[in-house]
């Protein structure tokens, strides 16, 4: 019984990051739709980002202050500047481009394009030597092949739409769209999406560096939310002069702000920071395809969103490529851990054999006349 408990506990500890990232992607899936409904209701995306991170910073502040009071490192000026840039990459710049692109394309397209983050993060991580790459090993080759395959899938989704897949029944939920305001500027939305993905990849990479110097996930999440809210507010005041845009009622705008602030900018970002520290930035981005599948299913069956053949084929190729990358990374991680240990199981066996042989040789030598 004790052995079973130990095995279950070991299994949970091993796959805890995987489970947390699955839950994070489920949270992102609902974010796509609740924000689209809010934007169609009339909420400004830039105002939404500002309010969302204000909510996040208020909610996370007491937890960060009390729970990390003893482990929180001293915040130097240099470290503060780095966190400011991190907030700009993760909130001020990236999210403003990301949610603006959602107004011009579709949730399915945006979710699919976000899958490029894993490939981009992998390339940057290899260049900065955050990620090992052994081309003499089949698993190292799987990393490269997986990256190329996923990029091919993204190009398929971008360049090839194909026929529209027929929906056999009416949507369960109707979102009232403004005529001509949604999904009309596809090229503009695509450019914004690609730019946000590049910025997002840099954000994941920078997290890995800052967490080594500031290993306090709650405090870092709070700082990013606070600085991100300030950056977004500054940008919004420039592009949006109407005071009415800052007013929200007790409706979908309010609930989308609360959900985005508490669940996404608070809990999910905290999960990602922890998983980045434990497993690395490439691991975190590998789970993006899960939200692609969930978004496509909900958009097609529940909302009656148009689904193109190119999106299906491209998403399938992306997922195959990314999980080739996942297989290569997980297996190589196991090998690298064995190499990093001072004495692995195989090394122990070799040392034992050497000692045994040495003992036998010494006895033979002693017994010789």
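The first residue you see is number 1, and the count goes up from there.
Glycine is no exception: its Cβ is also placed from the backbone N, Cα and C atoms.
Annotation source TrEMBL lists domain 'EamA' at 18-157 (among others). Over the domain 'EamA' (18-157) the predicted model carries a mean pLDDT of 87.
Summarised by DSSP class, the composition of the domain 'EamA' (188-326) is 118 helix, 1 strand, 20 coil. Under the heading domain 'EamA', TrEMBL lists 188-326 (among others).
Using a Cβ-Cβ cut-off under 8 Å and counting only residues 6 or more beyond its ends in the same chain, the transmembrane segment (18-35) has close neighbours at 45, 48, 99, 102, 107, 110-111, 252, 255-256, 259-260, 263-264, 267-268, 271-272, 274-275, 283-284, 287-288, 290-291, 294-295, 298-299, 303. Among the features that TrEMBL reports, transmembrane segment is placed at 18-35 (among others).
Marked as transmembrane segment by TrEMBL: 47-67 (among others). For the transmembrane segment (47-67), same-chain residues at least 6 beyond its ends with a Cβ under 8 Å from one of its own Cβ atoms are 35, 38-39, 91, 95-96, 99, 216, 218-219, 221-222, 225-226, 228-229, 232-233, 236, 240, 245-246, 248, 253, 256-258, 260-262, 264-266, 269-270.
The transmembrane segment feature in TrEMBL is assigned to 79-100 (among others). Counting residues 6+ beyond its ends, the transmembrane segment (79-100) has Cβ neighbours under 8 Å at 35, 39, 45-46, 48-49, 53, 73, 110, 189, 192-193, 195-196, 199-200, 202-203, 206-207, 209-210, 213-214, 220, 223-225, 227-229, 231-232, 235, 265, 269 in the same chain.
Feature annotation from TrEMBL assigns transmembrane segment to 106-128 (among others).
Through the fold, the transmembrane segment (140-160) approaches residues 109, 112-113, 115-116, 118-119, 122-123, 132-134, 190, 310-311, 313-329, 332 of its own chain, all at least 6 residues removed from its boundaries and within a Cβ separation under 8 Å. Look at TrEMBL and you will find 140-160 (among others) tagged as transmembrane segment.
Taken from TrEMBL, the feature transmembrane segment covers 186-206 (among others). Same-chain residues lying 6+ beyond the ends of the transmembrane segment (186-206) with a Cβ under 8 Å from its Cβ atoms: 82, 85-86, 89-90, 93-95, 97-98, 100-105, 109-110, 113-114, 116-117, 120-121, 124-125, 128, 130, 158, 272, 276, 281, 284-285.
Positions annotated as transmembrane segment by TrEMBL: 218-238 (among others).
Residues 17, 20-21, 23-24, 27-28, 30-31, 34-35, 48, 51-56, 59-60, 90-91, 204, 207, 211, 217-218, 220-221, 224-225, 228, 283-284 of the same chain lie 6 or more positions beyond the ends of the transmembrane segment (258-275) yet place their CB under 8 Å from a CB of it. Sequence annotations record features per position, and here TrEMBL assigns transmembrane segment to 258-275 (among others).
What TrEMBL records for 282-302 (among others) is transmembrane segment. Beyond the ends of the transmembrane segment (282-302), by six or more residues, the same chain brings 17, 21-22, 24-26, 28-29, 32-33, 106-108, 111-112, 114-115, 117-118, 121-122, 125, 130-131, 165, 167, 171-173, 201, 204, 272, 275-276, 311-312, 315, 318-319, 322-323, 325-326, 329 to within a C-beta distance below 8 angstroms of the stretch.
According to TrEMBL, the feature transmembrane segment maps to 308-327 (among others). Within its own chain, the transmembrane segment (308-327) has Cβ neighbours under 8 Å at 108-109, 112, 115, 118-119, 122, 139, 142-143, 145-165, 282, 286, 288-289, 292-293, 296, counting only residues six or more beyond its boundaries.
Helix, strand and coil counts from DSSP across the domain 'EamA' (18-157) read 113 helix, 0 strand, 27 coil.
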